[in-house]
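Student: The structure follows.
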Amino acid sequence: MSASAVNVTPGRNVVVVGTQWGDEGKGKIVDWLTDHAQGVVRFQGGHNAGHTLIIGGKKTILRLIPSGIMREGVACYIGNGVVLSPEALFKEIGELEEAGLSVRERLFISEATTLILPYHIAIDQAREARKGAGKIGTTGRGIGPAYEDKVGRRALRVQDLFDARTFADRLRENLDFHNFVLTQYLGGAAVDFQATLDTMLGYADRLRPMVADVSRRLYEENHAGRNLLFEGAQGTLLDIDHGTYPFVTSSNCVAGAAAAGAGVGPQKLNYILGITKAYCTRVGSGPFPSELYDADNPSRQDQIGITLANVGKEFGSVTGRPRRTGWLDAAALRRSIQINGVSGLCMTKLDVLDGLDEVKLCVGYKIDGEDADLLPRGAAEVARCEPVYETFGGWKESTVGINSWDALPANARAYLTRVQEVAGVPIDMVSTGPDRDETILLRHPFKV
């Protein structure tokens, strides 16, 4: 190694994670931060969550490829912690290339990334159908079953595609197992071996130019002085270990997963940016202490909840499912901050609260008559949480597009200040609209 290489100051690495149940607006913030990054990394999840970007008024939804792909010259990485559907990947690549973006020469996929195969999707959908009203609310895209195979040490990985004979042998073995479950337990149809083999091997040559030793590349890029941005998917409260289990996703969505899911040393993660909306949302089943619902009909949102959903366009970017809405839950936020080691917060969708007469903040709970200031760990206990609120005056002025703290309405500043106090970490960024320019910067994650 040359003396000049030794003297290069390593780049700075920032991890972006959701602190709620996903859908916090991470995509826009990752895109904004990419101005100061030379690489963006996905380290967990699959194509079950969409990151929505509004650039110059044009809407783009990315499900698998890192949001940095929207910036020419930025390298994008899919780490070993991701589960990859080649079909979804090439569909997304095609959409981006049709929009005039270069993708393949800037996208690097870990050879150790687990593949999603047709039988994973079949099992996912058959399970949900069997559960009926008790379903968790998966997207049916095979994410969970693919992670099950990974933990069960039977997963097929990207690198396996390049040895057709071994791939075929292992695929046949896997199908013997999964088809038994599909037909004998779930009552579904068997997945055809030859059709699956032909489809998957057909991706091999198309994937090969993008396959890389991602862990090594990230190490070398960082030590050459280049900044890296690690883009989390879903949110902390959906984490397989730390979320409201079993109403969770199948991967670790917390900041620590960036190290394992991309193959980087944890000491290289310099700053953790926690993304929180100015209110809360949740998709699918599971407890939600601060949910806004009609007291006379708990299965329906109340009028404020409906307003938040409509103004905030709270519909899943991948599934189109409506999101449940509620006030910001600071007790849940504190739990996420502790788990992730959050350095600073970015509050998104502040503008959605414009026009409300009052704004509430959940600062704790009553659980069976006892006070609690932190979200419990189990779903059953979370379901017994009765929210304790502080109430703030609303603001009638529009905050849309404001990009300085002092220009915010006084009541909006008071609300944000109180959130900082109860959270115990600073709010470093505030989003006041979907476009990248509609952002207030208080401390820059790459410059702290």
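The backbone N, Cα and C atoms fix where each Cβ goes, glycine too.
The following feature annotations were taken from Swiss-Prot:
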type     : residues                                                             : note
ACT_SITE : D23                                                                  : active site, proton acceptor
ACT_SITE : H51                                                                  : active site, proton donor
BINDING  : 22-28, 50-52, R323, 349-351, 431-433                                 : GTP binding site
BINDING  : D23, E24, G25, K26, N48, A49, G50, H51, T139, R153, Q234, T249, R321 : IMP binding site
BINDING  : D23, G50                                                             : Mg(2+) binding site
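Please situate the listed features within the shown structure.
Tutor: Under the three-state DSSP scheme, D23 (active site, proton acceptor) falls in the coil class.
Proximity of G22 (GTP binding site) to non-local residues of its own chain (separation of 6 or more, Cβ distance below 8 Å) is seen for A49, A233, Q234, G235, L238, C253, V283, given in sequence order.
T139 (IMP binding site) falls outside any helix or strand according to DSSP and counts as coil.
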Student: Going by a 10 angstroms cut-off between Cβ atoms, which of the binding-site residues T52, T139 has the sparsest surroundings?
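Tutor: Counting other Cβ atoms within 10 Å of each of the binding-site residues T52, T139 gives the minimum at T52.
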Student: Using CB atoms and a 10 A radius, I'd like the single residue among the binding-site residues K28, R321 with the highest neighbour count.
Tutor: K28
Student: Work through the recorded positions one by one (D23, N48, G50, T139, R321) and name whichever has its CA nearest to the CA of L350 (GTP binding site).
Tutor: D23
Student: In angstrom units, rounded to an integer, how far apart are the Cα atoms of T432 (GTP binding site) and N48 (IMP binding site)?
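Tutor: T432 (GTP binding site) and N48 (IMP binding site) have their Cα atoms 26 Å apart.
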Student: Whole-number answer please: how many Å between the C-alpha atoms of G25 (GTP binding site) and G50 (IMP binding site)?
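Tutor: Rounded to a whole number, the Cα-Cα distance is 10 Å.
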Student: Helix, strand or coil: which one is N48 (IMP binding site) in, per DSSP?
Tutor: coil
Student: Test of understanding: give the count of other CB atoms lying within 10 angstroms of the CB of D23 (active site, proton acceptor).
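Tutor: Within a 10 Å radius of the Cβ of D23 (active site, proton acceptor) lie 28 other Cβ atoms.
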